[in-house]
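Among the features that Swiss-Prot reports, topological domain 'Cytoplasmic' is placed at 1-12. Residues or ranges marked as transmembrane segment in Swiss-Prot: 13-33. Annotation source Swiss-Prot lists topological domain 'Lumenal' at 34-530, citing sequence analysis. According to Swiss-Prot, the coiled coil annotation covers 57-93, on the basis of sequence analysis. The N-linked glycosylation site annotation in Swiss-Prot covers Asn313, Asn322.
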Amino acid sequence: MVRRGLLGWISRVVILLVLLCCAISVLYMLACTPKGDQEQLGLPRANGPTGKDGYQAVLQEREEQHRNYVNSLKRQIAQLKDELQARSEQFRSGQDQASDATSLRSGWDREPKAQADLLAFLRGQVDKAEVHAGVKLATEYAAVPFDSFTLQKVYQLETGLTRHPEEKPVRKDKRDELVEAIESALESLNSPVESSPHQRPYTAADFIEGIYRTERDKGTLYELTFKGDHKHEFQRLVLFRPFGPIMKVKKEKLNLANTLINVIVPLARRVDKFRHFMQNFREMCIQQDGRVHLTVVYFGKEEMNEVKGILENTSKAANFRNFTFIQLNGEFSRGKGLDVGARFWKGSNVLLFFCDVDIYFTSEFLNTCRLNTQPGKKVFYPVLFSQYNPGVIYGHHDAVPPLGQQLVIKKETGFWRDFGFGMTCQYRSDFINIGGFDLDIKGWGGEDVHLYRKYLHSNLIVVRTPVRGLFHLWHEKHCMDELTPEQYKMCMQSKAMNEASHGQLGMLVFRHEIEAHLRKQKQKASSKKT
């Protein structure tokens, strides 16, 4: 922007030179134009009383006048050239200053317009980025996901074969970037201009979590959440770094005390899985959170009484009445179950969490669900951490550890399920307005991607980020013959991904070679002893 301001300034100098040259040309033409009739009458005639000598004297006088005038013009042109050269040197010096950050800052002080142009450019970057409104995207692969972070860890999708899904930032620039974002947020929260005199000071200990993503042609967006002054209150700051100074976009106070979540679970049989699900639901939703409604949509009548019995026992033991049981006939359809459960709600606009029976979530995730949704503006598509087969992971142990010890985010224990879009938080009004699920899809897979694409094609912001409190528990996957070829392929890919990590699968493939090597080593050791 500084360069553009200097270009505008030099263009004005060039225009000034052109005008001066035009003025000089006009003066020259006026000077060279023959005089009027009265002056022509004063010229001596060749046959007049003064004769030829008088005429030559007049010509010599006129020639001397023109010579003096031309010399004057040459001096003015030389002066203009010197001024133009000086201005050009200043322009080149300005270009050099533009590459030096310190000189640039001092240049802002000297050039208020250049500084204003720079600020206008940076704010234009904010408007172009997906900050205030969603951008229509062609496919699910065009969406830019967020990464999430706390004070100690970063939870990232792109790991390759060397990085980890959860890790401390090793690179200094990444650490400094996130630290600067938190410090900028704290500075804003503690600013005397924006806070009340009696407000407590905020510190890094109040920081809960943040998400960020980079649009490579615009900048990096940060959404940081801090503890509020009261229970269920939070402070959220949205910051944007447009490849330059970080800028605060907005500051808002959020009160989530009355934000109810309707957890909708479609189900057919799988009583044991549902029993484990309700144990987690009772601890996280009833005992810890207390702002949750449960909707179970059950297909068929086989084992239905067992499922209803689990619900009734939980209701009596925990004094929990906020649940709905819906029974549907016909074959299982996840999309239909979720659609019916969402439309069955008769209260005010409610936040929906589409969940499966083999999902484990924490109470912290429920707040993350609330923080990343907004009716008419944002929907939340978390990337959950999918557990590998415990029988493979802990095959060399004496016993498989309890579930609580298995749910750790490591490369050896699971992976970010970035190809799954089934677990989602969105307001009922947005779900209805977007058209809900495609009810023509039967069986496993496809309905979640279809709904996700609808939101990508809309003007709503789709928040896509890995979360540390949402886990997919491993279970053996059966791909039925009734599935279409595309569904069957998706099912088999999911089955392969669920078993173990790249290294662990390699150990299984080469286990015979490893065992043979160990036998040889054992034989060598025994032969040396003898």
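Note: Cβ is positioned from N, Cα and C throughout, glycine not excepted.
Shown are the glycosylation sites Asn313, Asn322; the one with the most C-beta atoms within 10 angstroms of its own C-beta is Asn322.
In this structure, the C-alpha atom of Asn313 (N-linked glycosylation site) lies 13 angstrom from that of Asn322 (N-linked glycosylation site).
Confidence over the topological domain 'Lumenal' (34-530), given as mean pLDDT on the 0 to 100 scale, stands at 85.
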